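The feature active site, proton donor is assigned by TrEMBL to Glu166. The active site, nucleophile feature in TrEMBL is assigned to Glu353. The substrate binding site feature in TrEMBL is assigned to Gln20, His121, Asn165, Tyr296, Trp399, Glu406, Trp407.
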Amino acid sequence: MTTIQFPKDLKWGAATAAYQIEGAANKGGRRPSIWDTFSHTPGNVKNGDNGDEACDSYHRYEEDVQILKELGVDVYRFSISWPRVMKDDEGTLNPEGIAYYRTLIQSLITEGIEPIITLYHWDLPQTLQDIGGWENRETVNAFQTYAEAMFREFGDSVKKWITINEPWCASFLSNYIGVHAPGKQDLQAGIDVAHHLLLAHGRAVESFRGMVPDGEIGYAPNADWLEPYSNSQEDIDACKRDMQWKIEWFMDPVFKGEYPALLQDIFAKHNAYVKVEEGDLETISQPIDFMGINYYSGSIARHKKDNGLFDVEAIWDGYDKTDIGWPVYPEGFYNLLTHIHQLYGDVPIYITENGACYNHEVENGMVNDQERIDYLKQHLTALHRAIKSGVPIKGYILWSLMDNFEWAEGYSKRFGIVHVNYRTFERTKKESYYWYQKVTHNNWFEL
Ligand SMILES: CCOCCOc1ccc(-c2cn(C[C@@H]3NC[C@@H](O)[C@H]3O)nn2)cc1
């Protein structure tokens, strides 16, 4: 047996997000978000699911904190629901919303669990979407107002903050591909939203420096990994183009103060341009304390003329798949992390999401999700390889603590290490929970 031993200071965690677990969508003064609108629009979400009740974590947070305590994690990453804490878009707080998160935060700290807050995990107030949403530069100001209010309310007890979760999903998946809210299919809109999300990130960092001087702040881009099918230049270039869309497009502006020219040229061929105003890139590229990385899958890929924006085709045949259909590709995790380290140097990295969808149900009071344990073993081995290769990994935060609303897939896709019965909201710890519990306690596991 091979033992994989992690550095003693590596932080172990689990993650969730507000719209995916809280429910209580119309309770406690919460206003509608774009995901309330999108999920209540027929045809957008599988089985017509929505986040109205979700996992009812708004009412069951005490139980969830106890589950986290028993799990033995160092950190819990959750998001604040912007429309739950802000009564309007001019900075008026909703006291009930503030009280909910203050209680949650205090409960975590009492149990010795460090809270990591994500400010934007996709639930934009609908009132802002009504004036253009992230396409409208004014939304950046509203985000900064919201972020400052959160720093003021919680900065004394929360010292790790993430500004934007998966800006590629919140921009291109949501406004160009169109499968996430608000469901537009317009490349220029995707580029405008991406730029304003990065600008909002930068403005929040600026405010954070003066308001939480002893805190750490970062953001959490997502990326998959594409390995060229052959060593032909056209296959190599095709993979590079597609990966730049998630990696360089969202990391070069932050770490280099510029957008990648290659993609700007490609977008220009589609008459789409990034509209940078004076000072934007200085705001976006000010120093941050860590980078989050969300990784799920990868594959090989090859050049395919006139296929999509980048003339590339991913080949998923031949790989084991999770129950959401994504290839299990742990080598991509190692390749991505070492690639990012080569591009951006020793920026501290937290794995802010990694996990797998397997839809096991409860049988005789237990959930045998051995496939998820195997996935975690493979990906934590890849993580260990990256650490041994010098990548400055500071923590691993598993997606997700519990089964939850998986966006356009609704409740049909289960990513949790805790099973949720969506009728009774009963939580059942899966076998993967007990496996991960040993990892968080021992800081090693056996292959
Ligand atoms: C027709 C083309 O359709 C393409 C679908 O393309 C994607 C890509 C990526 C995703 C995706 C989902 N997740 C998991 C979430 N990360 C944040 C957290 O909230 C998790 O629920 N990560 N990436 C979904 C769909």
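From the backbone N, Cα and C atoms, a Cβ is placed for every residue, glycine too.
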Separation of alpha carbons, Glu353 (active site, nucleophile) and Glu406 (substrate binding site) (Å): 14
Assigned element (helix, strand, coil) containing Trp407 (substrate binding site), judged by DSSP: helix
Max pairwise CA distance, angstrom, over record-listed substrate binders Gln20, His121, Asn165, Tyr296, Trp399, Glu406, Trp407: 18
Length of the line joining the Cα atoms of Glu166 (active site, proton donor) and His121 (substrate binding site), in Å: 8
Chain-internal residues, separated by at least six, CB under 8 A from Gln20 (substrate binding site): Gly51, Ala54, Cys55, His121, Ser400, Asn404, Phe405, Glu406, Trp407
Packing count at Asn165 (substrate binding site) (other Cβ atoms within 10 Å of its Cβ): 25
Cβ contacts of Trp399 (substrate binding site) (under 8 Å, same chain, 6 or more positions away): Ala14, Ala15, Asn294, Tyr296, Glu353, Asn354, Gly355, Phe415
Environment of Gln20, His121, Asn165, Tyr296, Trp399, Glu406, Trp407, the listed substrate site - residues of the same chain whose CB lies within 8 A of the CB centroid: Ala17, Glu166, Glu353, Ser400, Asn404, Phe415
Protein Cβ atoms within 10 Å of Trp407 (substrate binding site), excluding its own: 25
Least Cβ-crowded entry, counting other Cβ within 10 Å, from the recorded positions listed as Glu166, Glu353, Glu406: Glu406
His121 (substrate binding site): secondary structure state under DSSP, collapsed to three categories: coil
Secondary-structure category, per DSSP, in which Gln20 (substrate binding site) falls: helix
